[in-house]
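Student: Under the heading active site, Swiss-Prot lists K9, D140, citing sequence analysis as support. The feature ATP binding site is assigned by Swiss-Prot to P98, M99, G100, G101, G102, L103, G104, G105, G106, S107, S108.
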Amino acid sequence: MTHWPSPAKLNLFLYITGQRADGYHTLQTLFQFLDYGDTLHIEPRHDGEIHLLTPVNGVENEDNLIVRAARLLMKVASESGRLPTGSGADISIEKRLPMGGGLGGGSSNAATVLVALNHLWQCGLSVDELAAIGLTLGADVPVFVRGHAAFAEGVGEILTPVNPPEKWYLVAHPGVSIPTPVIFKDPQLPRNTPKRSIDTLLKCEFSNDCEVIARKRFREVDAALSWLLEYAPSRLTGTGACVFAEFDTESCARQVLEQAPEWLNAFVAKGVNLSPLHRELL
């Protein structure tokens with residue numbers, strides 16, 4: 001049995017710069033990983049079978065991103081003659097990241113499967129090939145595959161590695177799940193934030209264009225942010241529902257965590273520019 005980190009991410013800022021004819025939104029965002037997340041346990045099989053041993057309530061196994069990622073890797077590697085005969089896996093997950101939380105849990109799980117099985121099966125696919133497979137599963141998967149903090153443009157697929165300060169964060173889940181389309185389909189979502197260079201953006205105060213909609217539509221998000229903002233600069237991550245406050249030290253973050261109201265599910269984690277998954281591979 002092998003054990004593989006599947007870390008969370010934060011969007012340190014997120015700006016919606018337009019909407020394409022196909023309905024997808026163009027954006028500028030800054031991804032950073034957390035030293036906190038799910039863990040995947042993978043046992044290679046030799047009969048070509050993929051088994052997910054920890055099903056998710058309400059999600060058919062074949063629809064789960066973990067299984068879809070494994071099958072896609074199997075297909076691409078097989079078609080290019082790089083899949084050893086009988087390659088398969090038993091996969092289980094220790095889930096800590098909430099669904100619909102804006103922490104990238106599902107995308108991170110898919111990326112960890114691609115990276116881990118490519119390694120365990122010895123397929124030899126390049127990072128670019130794995131990222132291309134990942135993009136077909138979700139716009140956030142490639143950044144997890146590449147494993148470095150990044151400035152993202154387009155629909156999130158154009159990635160430039162960056163090294164923002166590695167701060168400490170108090171991340172709070174307000175107890176609701178926000179499906180991404182709920183935010184992106186809202187007619188009041190800002191969709192015309194001017195594009196700026198990464199150098200300019202890094203000098204500006206960070207914000208998230210989705211936050212105003214999430215706060216308006218989900219009172220729990222509004223309450224969580226209102227509480228966090230009493231202590232430190234705080235924002236929504238992704239389309240929510242998680243919010244986060246940033247601190248210079250772990251002790252400062254933990255002091256605030258101790259005062260968190262009971263209805264708020266919160267944790268402290270460090271921002272890291274190299275994914276914990278990729279640290280394992282070094």
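Backbone N, Cα and C define each Cβ position, glycine as well.
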Student: Taking the recorded ATP site as P98, M99, G100, G101, G102, L103, G104, G105, G106, S107, S108, identify the other residues of that chain whose CB atom sits within 8 Å of the mean position of the site's CB atoms, giving them in sequence order.
Tutor: A8, L97, G238
Student: What number of additional C-beta atoms lies within 10 angstroms of the C-beta atom of G106 (ATP binding site)?
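Tutor: So the Cβ neighbour count for G106 (ATP binding site) comes to 23.
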Student: Would you count the other CB atoms within 10 A of the CB of G102 (ATP binding site), including those on all shown protein chains?
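Tutor: For G102 (ATP binding site), the 10 Å Cβ neighbour count is 31.
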Student: In Å, rounded, how far does the Cα of G102 (ATP binding site) sit from the Cα of D140 (active site)?
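Tutor: So the alpha carbons of G102 (ATP binding site) and D140 (active site) sit roughly 11 Å from each other.
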Student: What three-state class does DSSP give K9 (active site)?
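Tutor: Reduced to three states, the DSSP call for K9 (active site) is strand.
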Student: Whole-number Å only: compute the distance from the Cα of G104 (ATP binding site) to the Cα of D140 (active site).
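Tutor: With distance taken Cα to Cα, D140 (active site) is 7 Å from G104 (ATP binding site).
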